[in-house]
Amino acid sequence: MNKVLVSLLLTLGITGMAHAAGDAEAGQGKVAVCGACHGVDGNSPAPNFPKLAGQGERYLLKQLQDIKAGSTPGAPEGVGRKVLEMTGMLDPLSDQDLEDIAAYFSSQKGSVGYADPALAKQGEKLFRGGKLDQGMPACTGCHAPNGVGNDLAGFPKLGGQHAAYTAKQLTDFREGNRTNDGDTMIMRGVAAKLSNKDIEALSSYIQGLH
């Protein structure tokens, strides 16, 4: 791992984390509405809605906080994370509610997905090797070889995630429609190096990773 990546990991790990101190048992009683899109246990049956089960608690909490901030009426451009389907849904929830919900979904077991064999080889090449000639690091540096992520550093679990959802996020990062990757803009930088075919292959490989 080169010095630039080590520095980046330390920076994101220290400054990019949301404090997570939720109660999973309490959270179970607060996720009824979430289940309509994400599944009652966080294993979303719909490919456009992310699986939350088994996701890192710190990452989940940060996304909930960012979505709440970005969905507030009149929120300045670039603040938080804008998810149209989530508009207004988090407004009534307190910080403790968000912490409890993150803890609950993080405690659930994520379901396994499957990769398209026709795309898996190219996807694996990108995930494990990046595009070093273009300055794009391997995904394994932050998300681990098996896609479990690094919760302490706030890097999300990717393995098993719906390919359609992952592809949408990579495209949004590339196009600047998602910007909550911190001052380092690491995901925007990575996604800028990916073609549509790269994103399709990488997303499919990630869906089958476990």
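Each residue, glycine too, has its Cβ placed from N, Cα and C.
Here is what Swiss-Prot says about this protein:
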BINDING   C34, C37, H38, M86  heme c 1 binding site
BINDING   C139, C142, H143, M187  heme c 2 binding site
SIGNAL    1-20  signal peptide
Near M86 (heme c 1 binding site), which residues of its own chain have a C-beta under 8 A away, given they sit six or more steps off in sequence?
I67, S71
Sparsest-packed of the listed binding-site residues (C37, C139, C142, M187) - C-beta count within 10 angstroms:
C37
In whole Å, how far is M187 (heme c 2 binding site) from C37 (heme c 1 binding site) when you measure between their Cα atoms?
25
Pairwise Cα distance for H143 (heme c 2 binding site)/H38 (heme c 1 binding site) [Å, integer]:
22
Give the distance between the Cα atoms of M187 (heme c 2 binding site) and H38 (heme c 1 binding site), rounded to the nearest whole Å.
24
With an 8 Å cut-off on Cβ-Cβ distance and a minimum sequence separation of at least 6, pull the same-chain contacts of H38 (heme c 1 binding site), or say none.
S44, F49, P50, K51, L52, F105
Span of the heme c 1 site, taken as the largest CA to CA distance across C34, C37, H38, M86 (Å, rounded to a whole number):
12
Quick one: pull the CA-CA distance for C142 (heme c 2 binding site) versus C34 (heme c 1 binding site), whole Å only.
28
Taking the Cβ of H143 (heme c 2 binding site) as centre, how many other Cβ atoms lie within 10 Å?
20
Neighbours of the heme c 1 site C34, C37, H38, M86: Cβ within 8 Å of the Cβ centroid, same chain, sequence order.
V33, G35, A36, S44, F49, L52, E85, M89
Please report the Cα separation of C139 (heme c 2 binding site) and C34 (heme c 1 binding site) in Å, rounded to an integer.
29
Spatial neighbours of C34 (heme c 1 binding site) that are distant in sequence (at least 6 apart) but have CB under 8 A:
G42, L52, I101, F105
Cβ within 8 angstroms of the Cβ centroid of C139, C142, H143, M187: which residues besides those meet this for the heme c 2 site?
T140, G141, F155, P156, L158, I186, V190
Secondary structure of M187 (heme c 2 binding site) (DSSP, helix/strand/coil):
helix
